[in-house]
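One structure is given here, and the rest of the page talks about it.
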């Protein structure tokens, strides 16, 4: 935005037209520095969530975020603005580590994947709202052009923090703290069931038995997350870290962080509108994952999502190299395949990476393992945000790749597919405790056969029940 560049940019009298600009080095710091705070907040989400509970950890994250947003909104210099992004990022990292964990521990197994997918869906709604507000204020002549989009974050933070007052605490965290009565009450509310029902007895016993078995192994540390044993704890921890890293390496945040700049360089007259289109596609195509994640399963969606993204990104890169982005037909191809690529991400890797991270770990190390996986997400988020301007921009010290950067993202998506084939277990329809048994007894490739057998057995049992009645 012109107003942001006038406030924080560098003046250059040799430029024609608008004479303020931001160097690639400053751009990379301003965009990526928030991920540094997010990385720290994600790592600390484990001890915070384990000590004060999932609900209060989310509220605390909202408070820290609001402080950072206030610093950015009122900043008169770039130093305060950057510091505000670090503080705000810390709050986001804390929330991003706890929210999907809270969802996984509270949702019934038959809709757990859908509920956690809702986490990613609301991220896409946030991106769309951000682009709409940016587009509405971008031509304001004063600082309100950028202060309004930044400041509005406080309103959404307040909604989340206030809403948490009305939700029950995670029953699994309550069991961990020895409050079985509170866990029963929470389970009853989450399942809309009577607190004395037999169904709750079974579910609560399953949770308490699993926790007592883990407790017998002793208090967990971060080192325990990497132990090699029959429960494949190390594999599960590394899988969570890797899948969050690969989610970022699909390159999707290149579009959402630098989309306006990239599309402007590609010759589009109104790059803000293109960003609104891509964020709308992102939001709308996340919705099918709510159904597909429980119907098709995690493993298949992740594999084929990576394949589609790989193909789309190679097409964008090849067209950009052979035809160029100034050609109108090439621009249409670029937008179409970028949108298909975003749709593939939004319906697969966007939500499912969070689902997998939060359902593959046993209770005694779940918070720690999830915090490391979330930190991995923000670590790669930072690297991509920091390095991208140097890769894409022209000028001294920059690679000037332009659309050729999609060769990089396409290649990483190929490795995403390879990773899924060898390391991702199919966990649809399983309770968090049943996932434990799956890892102990089967490999990732075998897990899909176990899933088929489970559904075949379920159909036989259902048939027997119908015949008997």
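Just so it is clear, glycine is given a Cβ too, placed from its N, Cα and C backbone atoms.
TrEMBL annotations: computationally assigned, not manually curated.
According to TrEMBL, the features are:
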type     : residues : note
DOMAIN   : 1-428    : domain 'Major facilitator superfamily (MFS) profile'
TRANSMEM : 56-75    : transmembrane segment
TRANSMEM : 81-102   : transmembrane segment
TRANSMEM : 114-133  : transmembrane segment
TRANSMEM : 145-167  : transmembrane segment
TRANSMEM : 237-260  : transmembrane segment
TRANSMEM : 272-294  : transmembrane segment
TRANSMEM : 301-324  : transmembrane segment
TRANSMEM : 330-357  : transmembrane segment
TRANSMEM : 378-399  : transmembrane segment
TRANSMEM : 405-424  : transmembrane segment
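With a cut-off of 8 Å on Cβ pairs spaced 6 or more residues apart, the transmembrane segment (145-167) and the transmembrane segment (237-260) reach fewer than 3 such pairs and are scored as not touching. Taking residue pairs at least 6 apart in sequence, the transmembrane segment (378-399) and the transmembrane segment (301-324) share fewer than three C-beta contacts under 8 angstroms. The transmembrane segment (378-399) makes no contact with the transmembrane segment (272-294), as judged by fewer than three Cβ pairs under 8 Å among residues 6 or more apart in sequence. Of the two recorded stretches, the transmembrane segment (330-357) does not lie close to the transmembrane segment (56-75), with fewer than three CB pairs under 8 Å once pairs fewer than 6 apart in sequence are set aside.
Computed over the domain 'Major facilitator superfamily (MFS) profile' (1-428), the whole-number mean pLDDT of the model equals 88.
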